[in-house]
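Some features that TrEMBL has for this protein:
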DOMAIN    32-286  domain 'G-protein coupled receptors family 1 profile'
TRANSMEM  20-40  transmembrane segment
TRANSMEM  52-75  transmembrane segment
TRANSMEM  129-148  transmembrane segment
TRANSMEM  182-204  transmembrane segment
TRANSMEM  225-249  transmembrane segment
TRANSMEM  269-289  transmembrane segment
Amino acid sequence: MSTSSLVIKIQQFQRVFSLYTNNSIFVLGIIGNIFNILAFTKLKLFRGNRCAFYLTIESIANIYLICYAGVLVLVSEIAQINLASTSIIWCKLQTTLGQPARLFIGSIVCFEALDQYLSTHYRRHLRQLSTFALAQISIIAVSFVWILQSIPYIIFYDIVPSFGCIITNHSLVYYYSYVYYIFLNGLLPICTASVFSLLAYRNVRRLVRRQLPIERRRLDRQMTAMIFARVIMFVVLSLPYTIFRIYLLNLNGLVIDTIHNAINQLTTVLVNALLSCNFSLSFYVFVTISSRFRRQVRQLLLRQCWRSMKRCLHFDLNSVQPIGVVSDTSDWQSQ
């Protein structure tokens, strides 16, 4: 097989893979995150729970990011051109609209692990640090910080002939390559979430020694198991992306052949798909690892379906007019 035909096959596989994975991630992500929001807001057990609050906010951010990525793909397919290389507005917004959300979700995962560590700790003063007010302030603070962090990209992203939409400031290029990709979007949230989730898991093993109500103990165990699984998923799906970005940085300035370039492009699509699963699969992980959460979701869905059926039946019964009364009235009017 010649080099050109191999490159063409790799590119064809890349297009087909992108089409199916993008559609699957979009559908599964929207459904799963909506179920997460319903479960953590409608179930009385989770009301007032800080970790459930974090998971709800994360699910909302996931839906935004999934829809944002879906719009990018849809516009590219409809236009059949790279709009970032032709429209200066699209060039500046395609990065700055998605980057704060990705950093925000990574921060939320860290907050979830930290909250479980504090709320399950045997020392009272550490448990008291974890409050609902702190959770709300943390959400507002990281939102503000990550939005500010993205402002320089609006200023320095520009369309350069023969290069397309690129960052024109060398210092920002260095920051984007090393600080954002490797640290802020990679090693920092991965290491932070991993450490605190392991510490929370260790704390839960000591819950038997503390005098706690049975329901509270079960909820702590359930939430710690779910957050531990969420962090594992976060690490497994984010680490390949971070490693590959480090690899690409080492290739900077090196001349590579056509096949090597096609393989790098295919690998980029694969690691981006894994990273996107981070924003779509949390509900399915929770349902898989927690039998208690499965029962809660099933009961919630049955209750919501039953209420919807009752409303429909009530509406149908009220819409039916008594025939006898109508006929009597019409007879009276005719007389």
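Think of each number as a place in line: the chain as shown, counted from 1.
A Cβ is built for glycine as well, from the same backbone N, Cα and C atoms used for every other residue.
Under 8 Å from some Cβ of the transmembrane segment (52-75) lie the Cβ atoms of residues 22, 25-26, 29-30, 33-34, 36-37, 40-41, 46, 83, 94, 97-98, 101-102, 104-105, 108-109, 111-112, 115, 132, 135, 139, 223, 276, 279-280, 282-283, all in the same chain and six or more residues away from its ends.
Outside the transmembrane segment (225-249), and at least 6 residues removed from its termini, the chain residues within Cβ reach (under 8 Å) are 51, 106, 109, 112-113, 116, 177-178, 181-182, 185-187, 189-190, 193-194, 197, 200-201, 264, 267-268, 270-272, 274-275, 277-278, 281-282, 285-286, 289-290, 293. For the domain 'G-protein coupled receptors family 1 profile' (32-286), the mean pLDDT of the prediction comes to 86. Listed by sequence, the residues of this chain that lie at least six past the ends of the transmembrane segment (20-40) yet keep a Cβ under 8 A from its Cβ atoms are 46, 49, 52-53, 55-56, 59-60, 62-63, 66-67, 69-70, 73, 273, 276-277, 279-284, 286, 293, 296-297, 300, 304. Below 8 angstroms of C-beta separation, residues 102-103, 106-107, 109-110, 112-114, 116-117, 120-122, 149, 220-221, 224, 227-228, 231-232, 234-235, 238-239, 241-242, 245-246, 249 of the same chain, each at least six residues beyond the ends of the transmembrane segment (182-204), sit close to that stretch.
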